[in-house]
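As given in TrEMBL:
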BINDING   30, 31, 32, 33, 34, 35, 36, 37  ATP binding site
DOMAIN    22-370  domain 'AAA+ ATPase'
REGION    220-242  region 'Disordered'
């Protein structure tokens with residue numbers, strides 16, 4: 001789907017902002033601290049129900065504001081318009097709305113408009129710890145399959161309960177007979193389904209990653225993916241296998257006060273030509289692989305719903321060489337990957353690559369929480 005109109009109220013630097021978006025590339029330029037990232041953060045709020053920057057709702061609320069709201073109207077090729085709204089009131093929390101009706105859960109926002117986010121933090125996707133790659137799986141699958149998000153949330157709640165019991169056990173407190181076994185059964189059922197969906201996804205995602213490398217014109221190197229269960233054995237990653245691994249590690253889990261196996265600890269190994277990317281790849285290979293992962297993510301959403309997702313790109317072109325920048329901008333301009341919102345301090349790299357004279361694209365100057373549409377990138381005031 002495409003975002004047609006965005007409205008922000010008391011959201012970070014934006015007291016009141018309205019944006020009429022173009023269907024393909026929407027470039028947000030302006031000085032640092034002007035509020036460019038705030039705009040795409042707000043779009044992310046509507047798609048995910050939270051800040052993709054990890055900020056708390058209270059932090060996002062503009063100082064002195066009674067509450068913040070974000071509202072967006074989305075349109076699709078063969079489906080009716082969707083109007084999503086998210087509101088946060090201190091001491092009352094967040095509420096989500098779809099076409100004016102209150103949603104039972106904030107999680108019900110997730111997946112209505114799939115989104116792919118590219119940021120400088122994507123370096124952690126390939127070079128960081130396993131939690132970064134698990135987040136990729138969970139963010140993608142939660143948007144594609146509501147049942148996956150339900151199972152994941154239930155698994156996390158069950159894990160929290162079991163770990164609390166393990167802490168009690170570690171302190172020498174007695175447990176009601178059968179209590180630990182009951183939680184292990186819950187974790188095995190939920191965790192087994194989570195892992196099964198992850199594996200099915202990665203089988204398809206591996207092919208899409210190869211396609212993404214081709215689209216980016218990346219010379220040399222074949223990317224591959226490998227799921228590594230925390231149990232150390234593929235045979236212990238389905239429901240029955242998880243039961244066995246939970247029983248096998250129960251004594252040590254009691255000693256340490258935490259659950260030692262399950263999808264919350266699994267890893268996805270990124271490889272290039274058979275070598276583990278994390279310790280061996282160059283800086284350029286890390287950047288290319290992470291970029292290809294995001295392109296593959298967009299291809300996956302497009303394949304799932306017959307419509308591309310929204311793309312949010314926050315200051316990602318600085319580290320890229322000019323040739324790679326032109327390739328990525330060409331993909332964005334084609335609309336093949338979806339409607340995009342791009343922040344940048346300078347507009348020059350986009351001139352001559354994205355045809356902003358076409359109404360399919362738009363340039364906005366952002367400063368002091370104000371957003372103004374421009375005729376072309378070159379009419380943007382110079383950033384200091």
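Keep in mind that glycine also has a Cβ here, set from the backbone N, Cα and C atoms.
Feature map: TrEMBL annotations on the structure.
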residue	record	Cβ within 10 Å
30	ATP binding site	24
31	ATP binding site	16
32	ATP binding site	10
33	ATP binding site	11
34	ATP binding site	22
35	ATP binding site	24
36	ATP binding site	27
37	ATP binding site	21
Tertiary contacts of the region 'Disordered' (220-242) (same chain, 6+ residues out, Cβ under 8 Å): 187-189, 191-193, 195-196, 198-199, 202, 205-206, 209-210, 213, 260-263, 265-274, 285, 289, 292
Additional residues around ATP, ordered along the sequence, whose Cβ is within 8 Å of the centroid of 30, 31, 32, 33, 34, 35, 36, 37: 13, 343, 345, 366, 367
Coarse DSSP state, helix versus strand versus coil, of residue 36 (ATP binding site): helix
For the region 'Disordered' (220-242), the number of residues DSSP places in helix, strand and coil: 7 helix, 6 strand, 10 coil
